[in-house]
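If you look up TrEMBL, you'll see 16-424 marked as domain 'Major facilitator superfamily (MFS) profile'. As annotated by TrEMBL, transmembrane segment applies to 21-43, 49-68, 89-107, 113-134, 155-177, 189-208, 242-266, 278-299, 311-330, 336-358, 370-395, 401-420.
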Amino acid sequence: MSENKFIGFTRNELLQVSAAWGGWILDGYTSIAYLLVFSYISVLIFPKYLGYLALILTLLPVTFGAAARSVGSVILGNFIGDRKGRKNLLSISIIGFSVLSAAIGLLPTYSQAGIASPILLYALLFLDGIFAGAEYGGGTALSMESVRPEKREQAGAFVQSGYGTGYFLIVFVEILLLRSMGSAAFASYGWRILMLTAIIPGAITLIIRRLSKETAVFDRMKAENSIEKSPVRKMFKNRSSIVFGFMITAGLLFMNTATASFYPVVGSVDFLNLGSGLLYALLVINFFSLIGVWSGGILARSFRDRRRPMLIFSIIFTVPTALFVIFGYTTNIMDFTIVFSIQLFLEALIFSALPVFLAESFSKKFRSTAVGLIYNGGAIFGGTAIVLLTAPAHIINIRTLWIVEVYIAGIILILGLIFYKKQENTSDPIEN
């Protein structure tokens, strides 16, 4: 089969990788959409007398949503992804993920439904997390099992860039809505339209996934009757990989939440109040993150050890954290954009190697479950970043909080990478 001369993937490989990439796009799209409109949600869904507490309660689901993702990764990965197939898992997860994300745009206000309004918000976000939790493990297994070994770094980086692509798209869509209807109308009902648009990337991804194929790795397991009856039980026999894997993802995802996900919050009216310039800044910042993740995929090819590029990139990102916060936390929109563009570029380098690193760390018999649990389990800690930054911000200097918390996360990540011991095997780890 002829290969695309530009990126070197066969048509089938591109289809498989795109099927996984779409899930990352939806994740970035919906996650950032919520953080872009949280201030509107807080005043409409919660009673006005709560004041600043309403803001915290609106951001709190970011944390327990990560817990829901862990539950979803184990349940859906164990019973579908590692027993019925990666494609089947992803076809189901994308439907629930997109529909439930869009449903946030249909929530009644507190004045209309009372206490039922915030309860519905929390319920939707928890259920949304269940389906979203299947995406990382299933998508990583589908993409990494479908490409040749020499293409895995590039494929993994491209798939990982889906989050940044979704981030970029949702900011662009909000700019269009604001320009077409004005800020007052957007605050009233435009944010609902923004959330409802999640159906579009979800539907496109579902079509791509229905056109994709099951991986040859899973098909061989099925033909050989070697599918694990209890993937989750088998997975926990590899304890050291799980413990240090959790450290890696917990540190990395905390840093990501405290940067990429925190930028919309810190630039909002409740902190720096950057106004409409914030959205354009986020577009530029995220553009550089995309360059970072693609560059990381190319640079990672120089290393045989999948862990080493992540370790090097992690140190390079973590060391100048204080400088990024000191010079980036400013009402000068140009400085805000430049400093955080550099920061997110460096962070994206780390993420570029993550999919192939995790996929090759776990057996094909429980890969979907293990990768999903490790990633989403780490996201539980990572998801606390915004609350841990915003809740004490009225009594502790936010710059100090930001610097200390990112350094702690960076140390956890680096230690996890240092002590992680990959099982030695001369054969292709994806086939094991």
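These residue numbers are counts, starting from 1, taken along the chain as shown.
Each residue, glycine too, has its Cβ placed from N, Cα and C.
All TrEMBL annotations are machine predictions without curation.
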Same-chain residue ranges lying at least 6 outside the transmembrane segment (278-299) that approach it to Cβ under 8 Å | 153-154, 156-158, 160-161, 164-165, 167-168, 171-172, 174-175, 178, 260, 263-264, 267-268, 309, 313, 333, 336-337, 340-342, 344-353
Listed stretch, out of 21-43, 49-68, 311-330, that has the most CB pairs under 8 angstroms to the transmembrane segment (155-177) = 21-43
Between the stretches 21-43, 89-107, 113-134, 242-266, 336-358, which one has more Cβ pairs under 8 Å with the transmembrane segment (189-208) than any other?
-> 89-107
Please give the sequence-distant neighbours of the transmembrane segment (89-107): residues at least 6 beyond its ends with Cβ less than 8 Å from one of its Cβ atoms.
-> 19-20, 22-23, 26-27, 30, 33-34, 41, 45, 72, 76-77, 80-81, 117, 120-121, 124-125, 127-128, 130-132, 134-135, 138-139, 142, 191-199, 201-203, 205-206, 209-210, 368
On average, residues of the domain 'Major facilitator superfamily (MFS) profile' (16-424) score a pLDDT of 94
